[in-house]
Amino acid sequence: MNVKKPVILAILDGWGIEEAGVGNAVANADQKFVKEMMGMYPWVKAHASGEWVGLPEGQMGNSEVGHIHLGAGRINMESLAKLNHEVKVDGFLTNEVLVDTFKYVKEHNSALHLMGLFSDGGVHSHMNHMISMYKAAVKFGLTNIKFDLITDGRDTAPKVAEQYINQLLQVIKDNNNIGEIASISGRYFAMDRDKRFERSAAAYITMTERKVDQPKFTDPIEYVKAAYENGLDDEMIVPAYNASVVDSELKANDAMIFTNFRPDRAIQMASIMTNNNYPAWNDEAFKDVEFIGDKIRFVSTMKYADSVTSQFIAYPPTPLTNTLGEYISSLGLKQLRIAETEKIAHVTFFFDGGNDYFKNGLAKPEEISLPHASIDLISSPKVATYDLKPEMSAVEITDKLLEEVKKDEFDLIVLNFANCDMVGHTGNNDATVKGVKVLDEQLKRIHDEFVLKHNGVMVITADHGNAEIMIDETGGPNKKHTTSLVPIIVTDKTIELSDFDPAIAKVAPTILDIMGLEIPKEMTQPSMIIKK
């Protein structure tokens, strides 16, 4: 089968649209080529947040949800919305895996540990879910409950953990003082996803051991305040255990529930907790560290990865079918996914709705087994934070992409540029401006080769906003995602795009339309191309 035109879907992760002004790194980057394209090609401003991507109304978009909807061609009720519903109906008290876990703790006279990102960011988790699980455990009759809190500062304002922890302490007080905060760790450590095992080790050891030389506290609020005084945001709070809590560490016969619902930043820690064959256990950072996974019951809220060897998943997956990638493969067409390390799972696992991974039992979410599909993985730079290298690996991605384009082998190429999101999350406005400028240059390189020389079409869009709002309402740095609209640019002067309810869930059907292919019935969103 031949396509009418090959397509590159270029996902500018975190590139939103807002009025120009101080703190708008996208507008202030003097993106000459993007402006040129917007004057030359059809484009629309599209929704990438809230109900348009299966989230609660007003909830900012995120990379996982954005990539799912870019590939799905339909609006899918996301994990946040599902778990919010469970909170409303007391569903945690009827969930078989959770109830069995409560029974396990009772039978073993042990402790229930609740670990997770404790904030209202709603990207990887929501504090209300952990609180609701806690209340369910209390109703069940558990009295030994410990919280292993991961502080955010990235999908929230930089310094709000004190506020959230105070709310939790009040909840504990309202429930007869059942429960204690056992440990606190910034997400930089506990939610690393780039195999920086020394970060994971700091959080793991804090939760599983009580060594004299480890950071510790006796008052969680004072510990967070001290971190602020030392110039640390919530994200960077050094892992520490509560020395005033007897047996604060995870012990044999305890149960742990990881309350994060988004997989990518949960996989590494959950794998370390459950799988002694995971590569971290061969790393120097884990030398002489005890593996606890064979002595506890570990529960993940959602399916994270096969490397997480615990069999207990509270809410097993229901994969999407006939996503763009799966459908393209079923037609015998060739496709390529390309991204740097930080985002490879987004152009594979998330873009495919988890379908290829869950169906075919891949070892890693970032792998792909779809017929006629290939991956080019470019390493992310090894820096502490990406404002130190705002160009990230965008140039290397483009170099590799242009090599592939010149082969004329692929009908569809899906690529991710991470700069606006990953540099934007540092809160460094100047660095983010530099990152955006680099992307403008790379888009021109791709356009001039693929569109002008190979008669291809680029569909340029984003999964959510971020870099367009770098300063928050207080005048401080904004590190979190936004509810801004995002662009959808199609480099084909022969078409016209409808601006009726534009949303990123319409990207997949639009791509199929450009390629001259039938849109499968599972894609309930229409193409944006106006039929003449």
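From the backbone N, Cα and C atoms, a Cβ is placed for every residue, glycine too.
Remember, it's a predicted structure, so these values are computed and weren't measured experimentally.
If you look up Swiss-Prot, you'll see D13, S63, D463, H464 marked as Mn(2+) 2 binding site, on the strength of sequence analysis. If you look up Swiss-Prot, you'll see S63 marked as active site, phosphoserine intermediate, on the strength of sequence analysis. According to Swiss-Prot, the substrate binding site annotation covers H124, R154, D155, R187, R193, R262, P263, D264, R265, K343. Among the features that Swiss-Prot reports, Mn(2+) 1 binding site is placed at D421, H425, H481.
The residues near the Mn(2+) 1 site, meaning same-chain residues not in D421, H425, H481 whose C-beta sits within 8 angstroms of the mean position of the site's C-beta atoms, are D13, G14, N62, S63, R154, D155, C420, M422, G424, H464, N466, A467, K479, K480, in sequence order. Those same-chain residues not listed among D13, S63, D463, H464 yet with C-beta within 8 angstroms of the centroid of the Mn(2+) 2 site C-beta atoms are I11, G14, A48, G61, N62, G66, H67, H346, D421, A462, N466, H481.
Across the fold, the C-alpha of H124 (substrate binding site) and the C-alpha of D421 (Mn(2+) 1 binding site) stand 15 Å from each other. Annotation for the binding-site residues D155, D463: lowest Cβ count within 10 Å of the residue's own Cβ, D155. Every protein chain shown contributes to the tally, and the Cβ of R265 (substrate binding site) ends up with 24 other Cβ atoms within 10 Å.
When the binding-site residues D13, S63, D421, H481 are ranked by how far their Cα is from the Cα of R265 (substrate binding site), S63 comes first. H425 (Mn(2+) 1 binding site) has D13 as its nearest neighbour among the binding-site residues D13, R193, P263, going by CA to CA distance. Under DSSP, H425 (Mn(2+) 1 binding site) is assigned to a helix (H, G or I) in the three-state scheme.
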